[in-house]
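Here's the structure we're looking at; comments come further down.
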Amino acid sequence: MSVNDLYTKFTRVWIPDPDEVWKAAEITKDYKEGDAIVHLKLEDETPLEYAVNPPKTTLPFLRNPDILVGENDLTALSYLHEPAVLHNLRVRFLESNHIYTYCGIVLVAINPYEQLHIYGEEVIDAYSGQNMGDMDPHIFAVAEEAYKQMADERNQSIIVSGESGAGKTVSAKYAMRYFATVGGSASDTNVEEKVLASNPIMEAIGNAKTTRNDNSSRFGKYIQIGFSKHYHIIGANMRTYLLEKSRVVFQAEDERNYHIFYQLCASSSLQEFKDLGLSVKDTSQSGIYKIIASILHLGNVEICSERDGESCRISKDDRHLKHFCRLLGVELQQMEHWLCHRKLVTASETFVKTMSMKQATNARDALSKHIYARMFDWIVEHINKSLHTSAKQHSFIGVLDIYGFETFEVNSFEQFCINYANEKLQQQFNSHVFKLEQEEYMKELIPWTLIDFYDNQPCIDLIEAKLGILDLLDEECKVPKGTDQNWAQKLYKQHSSSAHFQKPRMSNVSFIVIHFADKVEYQCEGFLEKNRDTVFEEQINILKASEFQIVADLFQDKDDVPASKSSRVNVRAAKSVPKAPNRDHRKTVGHQFRSSLHLLMDTLNATTPHYVRCIKPNDFKEAFSFDSRRAVQQLRACGVLETIRISAAGYPSRWTYQDFFSRYRVLMRKTDLSLADKKVSCKNLLEVLIKEPDMFQFGKTKIFFRAGQVAYLEKLRADKFRAACIKIQKTVRGWLQRLRYKKIRKAAILLQKYGRGYLARRYAEYLRLTRAAIICQKQYRMVRERRAFLRVRNAVVTIQAYTRGMYTRRIFKEFMLHHKASIVQKYARRWLARKRFLRARNAAIIIQCAVRRVQAKRQLKQLKIEAKSAQHLKKLNTGMENKIVQLQRKMDEQNKDFKQQNEQLAIVNSSLGSEVSKLQKELEQFRSQKGDNRQVMSLQEELEHLRAELEEARAEKKRLEEEHCTEKLSLEQKVEELEKENAMLKREKEDMNQRILQNSKSTKDKESNKDNLLQSELDGERQRYQNLVKEYSRLEQRYDNLKEEMSLQKFHPGHKRNPSNQSSLESDSNYPSISTSEVGDTEDAIQQMEDMGLEKAAMDISLFMKLQKRVRELEQERKRLQANIDKMEELSKRKGSESRSPTSEQENADLAYNNLKRQELESENKKLKNDLNELRKTVAEKASQNNSSNELQDGYNECNEVSELNNSKEPIDKEEAMKAYQGLCESKNKAQDWCYLNEDGELGLAYQGLKQVARLLEGQLQTQSRQHKDELEALHTQIELLKDDIEKKQEILNYTMSLSPEAQVEYSVQQEITRLTNDNLDLKELVEKLEKNEKKLKKQLRIYMKKVQELEALQAAAQASKAKPELSRQVTVQRKEKDFEGMLEFSKDDEALLVKSLITDIRPNVVSATVPCLPAYILFMCIRHADYINDDQKVESLLTCTINAIKKVLKVTNNLKNNDDFEMTSFWLANTSRLLHCLKQYSGDEAFMTQNSPKQNEHCLKNFDLAEYRQVLSDLSIQIYQQLIKVAEGIIQPMIVSAMLESESIPSLAAVKPTGYRNRSSSMDNDGSGPCSYTLDALIRQLGQFHSIMSEHGLDPEIVGQVVRQLFHCINAFTLNNLLLRKDVCSWSTGMQLRYNTSQMEEWLRANNLYQSKAAATLEPIIQAAQLLQVKKKTSQDAEAICSLCTALTSQQIVKILNLYTPLNEFEERVTVSFIRNIQSRLQERNDPQQLLVDTKHIFPVLFPYTPSALSLDTLHIPASLGLDFINRV
């Protein structure tokens, strides 16, 4: 690509900045090649013109796409340069809080100056066994890589370097902690703990506070950890380099001496430090050792100058010198003398010369430094001795913690040596990086040319070559009067022409060396003195003569050991020890350092190095504060940028063909996508996109790109996606706009319809109002005009009146002339006209009155009807809330009617008033005219009548108004009452609902809390118990291993045991159920056999075993008789305490007691007869086979006597015992030979013996009756003690009840823990006693093993010769099934064969077609038969052999890690649990018999209680369950991460990001598809296989659910831990894939009816993590939603996922820092644990619920394939 294509508008670049080193900018105008200015815009929108001058300033660096920012590996960046590296580190450190970043093979570690919780055991487990590129960068990943490569290749080294305060020591410490955890020692030496424990010692004596670091290592060290061939730590060794001795006597400002001095001073007041003589304040710090204290005192010795100035002296009373001599055990006078004098030796004479005060002070300081250095070397040497091992070392891993490149204002000899060492390490680093690059190219068959990289060999030659700086320094040291100035002049003269050496302009006593990191100016002052390290021999000789051996040993001369060139060098502390007394022949410090450095380089070159570069982010030790300038200085100094430069010079970006195809297939044509060969598709694409062929290379499995090409491809991909997105957005937006338009149009039409209707109605109202206004205006205007008209008219009329009056008066005079003439005519004519008028008027009045009366009646009738209708409405509308509105409307209508009536009445009143006024006028006229009185009276009557009607109408109106008001008030009151009642009912209803909800909620909360508390307590107890069972199984396994080793050591190789002996011994060893008395009897018997002799004891061993069994039976019988006697005595005592009972009751009690005693004696007699018959047969057979019958007879008699004496534990009278013994002796004398036993007289002798035994028992009863009073007193005492105990418990109970509920729980837990602890201690003591007795028995039994085997062989031959008794069985099948009682009979000799056939040799597929758990049923039926015949030994032996055989089978299959192992473990878990359930179901306990059928109840055990064996089987089931979980987790663990996080369950959803060096570090000879990975279907198939296996074997569904729950917890833990430690999977697409995967897992649970097993709840954290990756992460509402959503995740896990979230495309947005801070502030209220990762080793407590079998034992069929022909059906 050309410059014109790269530097276009909107391209982002980096420009230099004096403050921030590099600043981001954006190009605002396309740049053309040759332009002198680049137009830029900064992030704050400030324009900038960047000048381009090729020789001085080049074009600005291009920025990487946002998708690449924050990468784990810096080499994954497309543009590899300094600003990109710095920006990536800053983003990871500040925004994501990631302190580790890869840079190719280098791990860059930034000191956070804060304690981070990322170094726990769970993190070590997460990184153990993982590939380096699969997880986030971490020091544990580097350590794991070194550990894995040590097993594959050769020895390894981890080189940790950096500035002081960058965290080198801590990083080295964590690396060693990882090795100690992963490769722990195989033996009990705990070497790994010693390696870790040496760190505090070395830090105390070798670390000090500096201006840059509070705990700065002032020496370099190389710790070599040795491993065995099994890769366990077997030893370690330490080599140290260049201890800064000058710090002992001089410290710069704000710096301190070594820690050990301050640690010594604070403890000076302690008793053990009184003799150190440290007179310091209590606030000061103190030290521990005398040598260190002596150094402190030596530094305080004052040297006074004499007057001449050439000599000096020390005061006689100098207490510090006295303390110094006392602490080191040297002569005071000699030390005082030689501190102020020195000896000069010439060829002929020896002179003693005085020293000046300055020379003496320098000699004193040199002695202090020398003592401290020797002490330091001595401590290192003894640490190495403690870490040394004699075992052969197979390989080792070295951890180098060495100082980084240093430059100060004043640089001296120490900085010169440190920088010299860094030059050597940088050279080795460059060559190793270059070598790895070339190996990668050669593997991929890429043509390559030599890459030019910085070679600092010239600088190294300047320092160490012949006539180099060190040579000239050593030469000047040999000159008698050599000075630093002379040495500087020689340097100027010799190296002035060197390119790496410069002379300062302003100084003649310093020089400049141009190192690979920077120029450093060194001050020559002190170089010679520090290089010589001069200490006078006289002072050393005094110390050699110390009375303390440790001081003398420090200064003894040691010969130098020549350095070995081998890789396996015997590393030791690099010490500045004189070789010979002559100072001239001593090696200088520079020479020693150069030799040790060469030895170190030889060691590193012989190993595979791993590099850790520690960076100090700021000089103020602020947490998560990043100073770019300081970081760049260290990046340049530590070689990180050099790694980037070497990578950028070649092909830094590398993709596998499959990843490239997946990432950039969007750029391919359709024809290329259809090709089967991905390589061809990728080649076709690159040939089209990148025109320059040198920009990429096709390797064997990968494609190699030059720097910037991946960014170009990303740009093309982003453009393609952008164009596709625009097209999709265009189409979607058009569709959305069309939908929006249709919706808006429909809404607009609807709004228009309603709007127009509203406008029309409003316009009509406007017209009505306008018309009314016009009418009002018209009337108003009319009235106004009329009034004006009337005023004018009145004025006109007045004027006219006056005018007319004047004219009338004029005429009147004329008229009067004619008036009188017409008077007569007038009166006559008026009388006639008046008469006609009155007649007509009267007629009109009569007609009007009649019409008006009719109208008034009609109106009155209408009013009455309306009044009645109002009453009717009142009755209809009585108190109904829903009729209030109707009543209101009717009230309004009535008001309108009343208004109309009022108007009518007003009209009537007005008409009546007008008529009255007319009548009054007429009346006055009539009166004036003196009319007829009759008419006046009639008119008055009519007027009164009309007034009365008017008053009635008014009264009716008033009455109606009052009724209406009262009715309205009553209705309103009723409405208010109803509303109040309704509101009250609503409130009561709401209150009741709230109370019900609160009560139900509180009840549920209490019940749930109680259930959760009980469940948690139960789970805790179950977990503790199962842990104890697990620990017991582990100890038992270890015991078995030790037993096998002892057997191999004691017996000959060719000796083998037969199965019967082995099973019996195993039963004795694993289940020591015998009592202490039996152990004692056995020991006595064994001792008696030893006295009898080996041969005789071997002959009588069988008889002895039978007699020993008889002793135990007699002991049990005696105890049973004793219990019966105690019951009878208690009964008699209770009766005696009451009133005296009649004599008959006493006689009945005596009779019952005698009967009981007689029955017991008869049963005892029968048993003894049977035993005598067996003994007779056995002895007769032995007598016929062996000549030593007399010896057998004697042995029998002696054993019988021993057994009887041992069984008699209760005290008896001596006389009765002697009588019984004499009776036995007489019976013995009567037996002349063994043939006498065959006669009937023997029974009489036996009966006599029983009589004597009965007498002994009677004597015991009498003795016990005498002791009865004592026992009563003891019982009273015990009652008192119990009362006291009850009172104490009552006090404890009262105290407990007074506490709060939380305190009660805590107090009860403490009490329970105390009780369990005491019980546990008692049990442990009992177990120890039993084990001790067991060991004694085994030791004795091994002696007679060979004889026992021979005797058993003889017995087996004898029994084989005899005819075996056959059981009577029917021939027909029907008769067998009918008579089968669910019991199986087998011979005792066939027990080993039975166990072998049913347990040892059986395979699950043999019984797959039969009833599940068939072996368990068969074993139980055999146990049932042994119980039926009352053979306890057979029951015990069979159960013990069964348990041991199951353990042995599981032990053999434990080493397998496949489905066969799971199948076998599941098979025996099912059978063991079924056998346990059978023992419970048929135990006879009512609690276990509730679900049995009547037939099953008949099959219950009759004689034995096997509760103890049920507990043993329960423990064994727990052990098998834990082994099953371990096997299953081992099978699915490699599948989990690949199936849940990496496989594409949803095709084409995940996008591939550019990968760095760690994911491309190795080439694979395949097609680029990558290693074989597991899919989700494979994981689900495996789970389904597990489920089908467990179901086929008949495992209980509850146990299957618990197994699935545990496996789902494992899946969740490993998935979430990998998600929290991998940045590449924290993306939206991964969240979608993960949510889909978890839904498939849940679907699998539903399909197999396992959803109720709580397995789905274990996936809740990973489900919430997937949702967290998918939700929006921008606003505060999103933060609140995330906090409420992620309840199963801790605060640290939520913040970690948000920090790791990485967008895979440019269209996704990163999570801002402010959003993460918002989340953190919201999550502060949570009390989450500090642990980040989930505990993968957590095991839920298992519960084996009782599930009885519905199968009847008599219906079982035993297949012939099992080969059990030797057992018989009963």
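Even glycines carry a Cβ here, placed using N, Cα and C.
Small disclaimer: the values here were computed from a predicted structure and weren't measured.
Quick look at what TrEMBL lists:
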- 8-65: domain 'Myosin N-terminal SH3-like' (DOMAIN)
- G162, E163, S164, G165, A166, G167, K168, T169: ATP binding site (BINDING)
- 597-619: region 'Actin-binding' (REGION)
- 986-1019: region 'Disordered' (REGION)
- 1047-1080: region 'Disordered' (REGION)
- 1059-1079: compositional bias 'Polar residues' (COMPBIAS)
- 1125-1153: region 'Disordered' (REGION)
- 1125-1138: compositional bias 'Basic and acidic residues' (COMPBIAS)
- 1265-1354: coiled coil (COILED)
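Just so you know, the Cβ of E163 (ATP binding site) picks up 25 other Cβ atoms within 10 Å once every protein chain is counted. Taking the Cβ of T169 (ATP binding site) as reference, residues of its chain lying under 8 Å away and at least six apart in sequence are, in sequence order, E203, N207, N215, S217, D401. Cβ proximity to the ATP site centre (mean Cβ of G162, E163, S164, G165, A166, G167, K168, T169, cutoff 8 Å) flags the following additional same-chain residues: N111, N213, S216, G404, C614, K616.
Shown for the region 'Disordered' (986-1019): DSSP residue counts in helix, strand and coil, namely 34 helix, 0 strand, 0 coil. Around the Cβ of K168 (ATP binding site), the same chain contributes V160, S161, G162, S217, D401, I402, Y403, G404, C614, each under 8 angstroms and 6 or more positions distant in sequence. The Cβ of G167 (ATP binding site) has 24 other Cβ atoms within 10 Å, all protein chains considered. Counting only residues at least six positions away in the same chain, the Cβ atoms of N111, T210, R212, N213, S216, K616, K621 sit under 8 Å from the Cβ of G165 (ATP binding site). The binding-site residues under consideration are G162, S164, A166. Their Cβ neighbour counts within 10 Å are lowest for S164. The average pLDDT for the region 'Actin-binding' (597-619) in the predicted structure is 89. With DSSP states grouped into helix (H, G, I), strand (E, B) and coil, the region 'Actin-binding' (597-619) comes out at 9 helix, 8 strand, 6 coil. For the domain 'Myosin N-terminal SH3-like' (8-65), the DSSP-based tally of helix, strand and coil residues reads 0 helix, 28 strand, 30 coil.
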